[in-house]
Amino acid sequence: MSSSFLSRAQKPLASFRSGTGIYSSFLLPRTKRRQHQLSPQMHSLFTSYHIFSLPSPFLSSRRFPFFRNISVSTGSMTMCGSLTMKSSYEEAVSSLSSLITSNRRTGASNLEDRFKLMFHYLKMLDLDDQVSKLKVIHVAGTKGKGSTCTFAESILRCYGFRTGLFTSPHLMDVRERFRIDGVEISEEKFVKYFWWCWKRLQEKTDDKIPMPTYFRFLALLAFKIFSAEKVDVAVLEVGLGGKYDATNVVEAPIVCGISSLGYDHMDILGSTLREIARAKAGIFKKGVAAYTVPQPAEAMSALEHRASELGIFPEVVQPLDEASLNGQPLGLQGEHQLINAALAVALVRTWLQKTGHGDLISLDGNNKGPLSAQVIKGLTTASLQGRAQIVQLQDEDISPSSLVFYLDGAHTPESMEICARWFSHAVKEENQQKPLKDCRQLLVFNCMSVRDPELLLPRLFSACAQQGVQFCKAMFVPNQSQYNKLGSNTALPPQPQKADLTWQLTLQKVWEELLHSDKGESSSVFRSLPEAVNCIKEMARQNKSIRFQVLVTGSLHLVGDILRLIKK
């Protein structure tokens, strides 16, 4: 489009006839006014893209009917269709991805220095006062902290409170991390709040105080979203550790919780449970109630020591009694969720008491006794993708019951064993309810190279074997995340890129040593995840009398990647 046309387009348009391509205009001087026939391409350009700006009094859906489906900002009005909104969202996602650094986070002093920058960022965004007013539930831990946060948010939403939930990581779309009343934030609002934060930080940061790193920016964005959306409660899941986590700028939460502790991120948090627990206990605050699930003695000692320094005592919760749910299953599957649910109930109970709503819930100090209808509903309707999730493949050539995916992002030795027990129980239950001639279990696995497969795979293999579950085939694949955007419009390459499969071959070797078998008989390495999924689909098509039950585990990134593929 020529610049002269654009300059003329700044002049007011008199009217449009939607869908015809005929436009009466004031683009030309009054003496030469005429009707213009626009080409289909030009008509599409007018109705779909940001072309020009007009003073706000000029635009109305009554005067210009085709504007009804066009979003318009106030002031100098910007016209943009759905494609422009999508483009703006992708631009935001692209800018966000520029904050990802490949540098490995090392050294406590470096973490402390970076953490202190968070307070500068809050001031730059004028959020310091607003963050102090948020009524926060703060949860750290190695395993179960996301589930605990999900349960707590669901319960409080069932009580009628406006909730904000910040969790990580996301599986398919970065907006999953920000939920208002249980629903991920819309693209429109994400774009609005993202650029609000981004532009201010771009203007005020410099060499001394650089732009925040990826997760720190997301935490700042969460604080902006929850403040602007006026939530009654903000439930925050710690990203990594606790003491120096970006979420720990909340200096006076209502209540804190610690989920199960184990060995993870040892290069950052320390190599012993004592060191890891002390880092997690960094979210404890003086005068703020704290809860923990039962922990190994070494970890519990560290939690209690830090708590005593602050003059508080962390209360230990016990697993929820299944009978208290009136025969209904928890929304998140797995026996291990009973302890996460108990921690969530304790956190909610204290939040209600501290915020003046203690009359809404009645439990004794051990979380025993009857649960209210709201608590039961919250616990039984909670949902979280990628954790003990069962997905039946929707494919016209394959019966839904013939190919079932069991997804769990377990990536520590302890969680791997829990995942194996859940999978074994789930497949047995399904096979009893829907009998077929034959059922076969497959494994799709990958883990990050910082994990030790000799700790993960044996726990998975042994726990399944103890339950009588044997995998007929294990498939080791690279994640597709290297191709993914942070948004939802993921486009995988049409042909598998040449990949370094050294790590996948290492995983296969560990697996074959467990089975004492030769490569190719019980395991395979695939160049890409789509290749593996297509292979599984073909197996199901050719063996219609067999139910294939596929466990996907080892990495939340892997789980997110496979969800993109099988939910298309």
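Cβ coordinates come from backbone N, Cα and C, glycine included.
Record features, source TrEMBL:
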DOMAIN    139-286  domain 'Mur ligase central'
BINDING   SER168, GLU237, HIS265  Mg(2+) binding site
BINDING   ARG387, ASP408  ATP binding site
Structural state census, the domain 'Mur ligase central' (139-286) (DSSP three-state): 70 helix, 22 strand, 56 coil
Alpha-carbon spacing, ASP408 (ATP binding site) to SER168 (Mg(2+) binding site), which is rounded to whole Å: 15
Rounded Cα-Cα span from ARG387 (ATP binding site) to GLU237 (Mg(2+) binding site), Å: 15
For ARG387 (ATP binding site): DSSP state (helix, strand, coil): coil
Proximal but sequence-remote residues of the same chain as SER168 (Mg(2+) binding site) (Cβ under 8 Å, at least 6 apart): GLY146, ARG177, PHE215, LEU218, GLU237, GLY239
Residue pair HIS265 (Mg(2+) binding site), ARG387 (ATP binding site) - Cα distance, angstrom, rounded: 20
DSSP state at ASP408 (ATP binding site), helix/strand/coil: coil
Model confidence over the domain 'Mur ligase central' (139-286) (mean pLDDT, whole number): 96
Chain-internal residues near ARG387 (ATP binding site), provided their CB is under 8 angstroms and they sit 6+ positions away: GLY146, SER147, LEU332, ASP408, GLY409
Among GLU237, HIS265, ASP408, the one of these binding-site residues whose Cβ has the fewest neighbouring Cβ atoms within 10 Å: HIS265
Cβ-based neighbourhood (8 Å from the centroid) of the Mg(2+) site, residues SER168, GLU237, HIS265 excluded: LYS145, GLY146, PRO169, VAL238, GLY239, LEU240, ASP245
